[in-house]
Amino acid sequence: MEASNDTQISEFILLGFSEEPELQPIIFGLFLSMYLITVFGNLLIILTVFSDSHLHTPMYFFLSNLSFVDICFISTTIPKMLWNIQTQSKVIIYEGCITQIYFFLLFAVLDIFLLTVMAYDRFVAICHPLHYTIIMNPQICGLLVLVSWIMCILNSLLQSLMMLQLSFCTNVEIPHFFCDLSQMTQLACSDNFLNYMVIYFTTALLGSGALTGILYSYSKIISSIRRITSTQGKYKAFSTCASHLSVVSLFFSTSLGVYFSSAATQNSHSSATASVMYTVVTPMLNPFIYSLRNKDIKGALKRLFVMVSLKREIILGLEKCPSLQGSMPQSQLL
């Protein structure tokens, strides 16, 4: 009993993907590139949505929130991993590990909730188009996002407080590139039965609830589309939810793939590599999916780039001809 009290550790070792020194620059460059692409792509989506009045609709309001959450989601893990590679250190302090678990769970579950809310939005738009503006009014949209945040904050707080009850002794190596909740629970030298019960219960409750909501929404959407007589009408109805359906399929297929592959192989390094799919690759691909498969986003991006190009030409013209600057309205100079 004394050992459990005296050997409580203050830091952990993140083993990452490989311990071979020659692979570290490759891993650093690869993940830095994916991180920058993810941040830039999602910031571009947010900027496009807020700068174009045509996109001030519930669908794109939820999309901008999803892009913001994706930036936060990937920022909870990759910067720390890059810092450890750069400093040739694998250490993460106990408090930092708990904090990382809290924010990772917060944004991971919030991703799922926002995808569920977006599925409901598409369900209302296709199945009840005449009442869409009434049902999905700004107050309801804000309330849906607020409730999602509150539920995710409470879930993350519960899981983090449960982690604080565990004791960690001699085994401080985490075979992952971030502090994974299940890996941390396995390392505990105190009784972790209650922790596993909470993890399984919340995962089943939140995960199955969100997945059920998405499947129900799309079953109704498919039924409504099948009742449309014209081919053009069917294509138009399906195109309004094609991007979101692609993102949902990518997120859940990679998440379930990681879960089943981890359960089948029991290889921690394989689990860490597989988890890259939903922690890094999915947030990186989301902006491309919405940009390439969504006509509204593509049109807004073109208008944004044209506006930026025109402003740049005006500024360059004023620099070449300073005498024109005083004759132009102040609104055009800004």
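Cβ atoms are placed via backbone N, Cα and C, with glycine included.
Annotated features in TrEMBL:
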type	residues	note
DOMAIN	41-290	domain 'G-protein coupled receptors family 1 profile'
TRANSMEM	26-47	transmembrane segment
TRANSMEM	59-78	transmembrane segment
TRANSMEM	98-120	transmembrane segment
TRANSMEM	140-158	transmembrane segment
TRANSMEM	193-216	transmembrane segment
TRANSMEM	237-260	transmembrane segment
TRANSMEM	272-292	transmembrane segment
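For the transmembrane segment (26-47), the residues of the chain that approach it from at least six positions outside its boundaries are 16-18, 63-64, 67-68, 70-71, 74-75, 78-79, 81-82, 85-86, 280-281, 283-284, 286-288, 290-291, 297, 301, 304, judged by C-beta separation under 8 angstroms. Long-range contacts of the transmembrane segment (140-158) within the same chain: residues 58, 61-62, 65, 101-103, 105-107, 109-110, 113-114, 117, 120, 198, 202, 206, each at least 6 residues beyond the stretch ends and with a Cβ under 8 Å from a Cβ of the stretch. Sequence-distant residue pairs (6 or more apart) of the transmembrane segment (59-78) and the transmembrane segment (193-216) include fewer than 3 whose Cβ atoms are under 8 Å, leaving the two stretches without contact.
The predicted model assigns the domain 'G-protein coupled receptors family 1 profile' (41-290) a mean pLDDT of 88. Within the same chain, residues 109, 112-113, 115-116, 119-120, 151, 155, 158-159, 162-163, 165-166, 181-182, 185, 248, 252 sit at least 6 positions outside the transmembrane segment (193-216) and bring their C-beta atoms closer than 8 Å to a C-beta of that stretch.
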